[in-house]
Amino acid sequence: MARSLAWRCCPWCLSEDEKAAARVDQEITRLLLEHRRQVRGELKLLLLGTGESGKSTFIKQMRIIHGAGYSEEDRKGFRPLVFQNIFLSVQAIIEAMDRLQIPYSRPESKLHASLVMSQDPYKVNTFETRYALAVQSLWRDAGVRACYERRREFHLLDSAVYYLSHLERIAEEGYVPTAQDVLRSRMPTTGINEYCFSVQKTNLRIVDVGGQKSERRKWIHCFEDVTALIFLASLSEYDQCLEENGQENRMQESLALFGTVLALPWFRATSVILFLNKTDILEDKVRTSHLATYFPGFRGPPQDPEAAKRFILELYTRVYAGAAAGPDGASKGPRSRRLFSHYTCATDTQNIRKVFKDVRDSVLARYLDEINLL
């Protein structure tokens, strides 16, 4: 400090060594100011949620809306993953048919099932005609359809029915995945992945972490300097169990994780954006699977998706309120944290575009205003 003052007021009073040290001090100060300006123009969002809640799909949507999107070459690169998802889905149904003792309705289906089961999904790069025909035939089997209707009893990718409904197109020679095919593709997130997007004058750094339990221990070093949390929760998992644990209800696990995250000291004053995702799957599922069977507290009509959405939002709101209160129900102390909730369909680009605009205009606005970027 004294050297810096002397350098500004009386530089000729300093020795050569002191002048050199002062120049280094000035350069360090300049670099720190430059870094501070860069940081001021960046917002860090932490993306959390249990496995298969839709985090990776949300990131893909951000790339489409605020990034470079997916060129034809990019989409071609997703072909093996689409084929893998199809094989994994059909193999899961075949295994479930045996376990649930559901018979095939066609005599040739057993041969087709054996052919499909002989393929290693993780080594698939093409969709050979014989496999495509076998999968198409199986999907027309009434027994396979009956097994699909019991999908809550086994683990099946959400995208299964989408891909199986587009088999003819996907099996064509020269197939190039569409943007929707890319959005529906599923690969478990492992480790920690960072994505940067530019929204107007703002740089958004979104940190996506693995949703499976085994991945959560890696989150800890992501918690510093977070502008806001985005927590994705699947509305449709109320009647499903964890893939890692066939006994634990997936929605209960998501609620527990939400409470754990809110209780962490790093997030006492961090705004929380709750995306209640997969509205499309919920709307279809409530027709045959009653929410009250798994959550007896639900008193609404059994086939009313709007009532189901409101009830599930209330479950998360209670967890949020509980995290803000002590054991006696009193507030733990003053906090500026707020909860912003939205219903989303992560595979619907227009829905995510609108929802994220709402998020930016509300949750992020005060941060952007502070750094004069609005």
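Heads up, the Cβ atoms here are built off N, Cα and C, so glycines get one too.
The feature domain 'G-alpha' is assigned by Swiss-Prot to 41-374.
As annotated by Swiss-Prot, region 'G1 motif' applies to 44-57, with the evidence given as sequence analysis. Sorting each residue of the region 'G1 motif' (44-57) by its DSSP state yields 3 helix, 5 strand, 6 coil.
Swiss-Prot lists 49-56, 183-189, 208-212, 277-280, Ala346 with the feature GTP binding site, giving similarity to another entry as the kind of evidence. In the three-state DSSP scheme, Thr189 (Mg(2+) binding site) is classed as coil.
Using a 10 Å radius centred on the Cβ of Thr189 (Mg(2+) binding site) and all shown protein chains, the other Cβ atoms total 19. Annotation comment: Swiss-Prot describes Ser56, Thr189 as Mg(2+) binding site, evidence class similarity to another entry.
Among residues of the same chain six or more beyond the region 'G2 motif' (181-189), those with a C-beta under 8 A of the stretch's C-beta atoms are 51-52, 55-57, 60-61, 70, 74-75, 78, 81-82, 85, 157-159, 162-163, 166, 170, 208-212, 215, 346-347, 349. According to Swiss-Prot, the region 'G2 motif' annotation covers 181-189.
Per Swiss-Prot, the feature region 'G3 motif' maps to 204-213.
Sequence annotations record features per position, and here Swiss-Prot assigns region 'G4 motif' to 273-280. Confidence in the region 'G4 motif' (273-280), given as mean pLDDT, stands at 97.
Feature annotation from Swiss-Prot assigns region 'G5 motif' to 344-349; the stated evidence is sequence analysis.
For Ala346 (GTP binding site), the same-chain residues lying six or more positions away in sequence with a CB closer than 8 A to its CB are Gly54, Thr57, Phe58, Gln61, Leu183, Leu232, Phe275, Asn277, Lys278, Ile352. For the binding-site residues listed here (Leu183, Met187, Val209), the lowest count of other CB atoms within 10 A around the CB belongs to Met187. Listed in sequence order, the residues of the same chain lying 6 or more apart from Ser56 (Mg(2+) binding site) and placing their CB within less than 8 Å of its CB are Arg186, Met187, Thr189, Asp208.
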